[in-house]
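Undergrad: Below is one structure. I have some questions about it.
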Amino acid sequence: MEYLKLNNDVEIPIEGLGTFLMTPVEAEAAATAALAAGYEHIDTANAYMNEHAVGRAIAKSGIARGKIFVSTKLWPSVYDAGMPAVDATLQRLGLDYVDMLILHQPVGDYLAAWRTMEEAYRAGKVRALGLSNFPQDKIAEVIEVAGIKPQLVTVECHPYHAQRDLRAYLAPYGTVIEAWYPLGHGDKGLLEEPVFVALAEKYGKTPAQVILRWHVQMGTSIIPGSKNPAHIADNANIFDFSLTEDEMAEIAKLDGTMTYYTATEEALAGYLAIRPDFDAQE
C-alpha cells in the first residue's frame, strides 16, 4: 500500500474500498473481503445505509482500529443537526472516531455543517475533514470561512476527466483529490482505450489496474467499489509496477473526453428532500 499525507499530517491509504450502492449484506461481505486482502481504507456514508454493516466488518476483522482508515459522509438532511449527527454516525459504525468525515452534497447549510465538523475534529471524533461533489466555487465558500481547510475533496475523476484545474486550485491548500468511481463508472469504452489495452499487455495487468495505477501516480486517492472478492483483490494489485513519464503523457491526451456525472440544480434541490431514517438500516 502507498499513502498520501494530508495537510494536517494524517496519512490516508491511497486506495480504499467504496461501498456505494451496496446493501448491508453486500457491504459487510465486501469490506470483510477487502480487509482480508490488505485494504486499509473503507469508505461509506449515511446515505448508503450500510454504516452498521461496515462497522460490523471492521469489528470482526480482528485488525487494530488504528490500522483501518474509515471514511464516512454526512447527508444534507443532518447538516443542521449539529454534533448529534456526528455522534449518531459514530454510533452506527460502532467507533469512537472516524478518520475522515465528509459533507456529501453541496446543498443545505453546509457552512454550518462544516463548523460542526471542525468542532468534532477538535474534540477528537474526526481526524480529517472533506467535501464531496462540491464544485470549485462552493469549495471556495467553505475555504473562506474554514478554520480548518479541507484535507480532501472527493469528485468525479478518471482519465477522461482528470480534474487538472481543480488540482491546481487545491494545491496551495495541500488538499488531496479523491476519485469516486475511478474507473469511469466501469465504462467499457474507457477500459478498451488502446493505450490501456497496450499497457495492460506490457505490464501483465488488466486495463482497470493500469487506470488505477495512473490515479496513484497522479497522487489521487481512489475508492473503487466491488462486491466480487476477486475483483477487490485485483484492484489492490497495482503497487508492483509503475508507468513511465511518456506513458503518463499518453494517457493525459484522453483528458477532456467526457464526464459521466452532471449535478443539475433540480437534482441538488432534490437531495434536500431526501431524509432517510439512517438508524433503520440493518
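Residue numbers in this text run from 1 along the chain shown.
Each Cβ is built from the backbone N, Cα and C atoms, and glycine gets one as well.
The domain 'NADP-dependent oxidoreductase' annotation in TrEMBL covers 22-254. What TrEMBL lists as active site, proton donor is Tyr48. Annotation source TrEMBL lists site 'Lowers pKa of active site Tyr' at Lys73. Summarising the annotation, TrEMBL assigns substrate binding site to His104.
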Undergrad: Across all chains shown, how many C-beta atoms besides its own are within 10 angstroms of the C-beta of Tyr48 (active site, proton donor)?
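TA: The answer is 25.
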Undergrad: Within 10 Å of the Cβ of Lys73 (site 'Lowers pKa of active site Tyr'), how many other Cβ atoms can be counted across all chains shown?
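TA: Summing over all protein chains shown, Lys73 (site 'Lowers pKa of active site Tyr') has 24 other Cβ atoms within 10 Å.
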Undergrad: Long-range same-chain neighbours of the residue listed as 'substrate binding site', Cβ under 8 Å, sequence gap at least 6?
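TA: Correct list: Ala45, Asn46, Ala47, Lys73, Leu74, Trp75, Pro76, Ser132, Asn133.
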Undergrad: Does DSSP put Lys73 (site 'Lowers pKa of active site Tyr') in a helix, in a strand, or in coil?
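TA: Its secondary structure by DSSP: strand.
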Undergrad: Three states by DSSP: which one describes the residue listed as 'active site, proton donor'?
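TA: In three-state terms, the residue listed as 'active site, proton donor' counts as helix.
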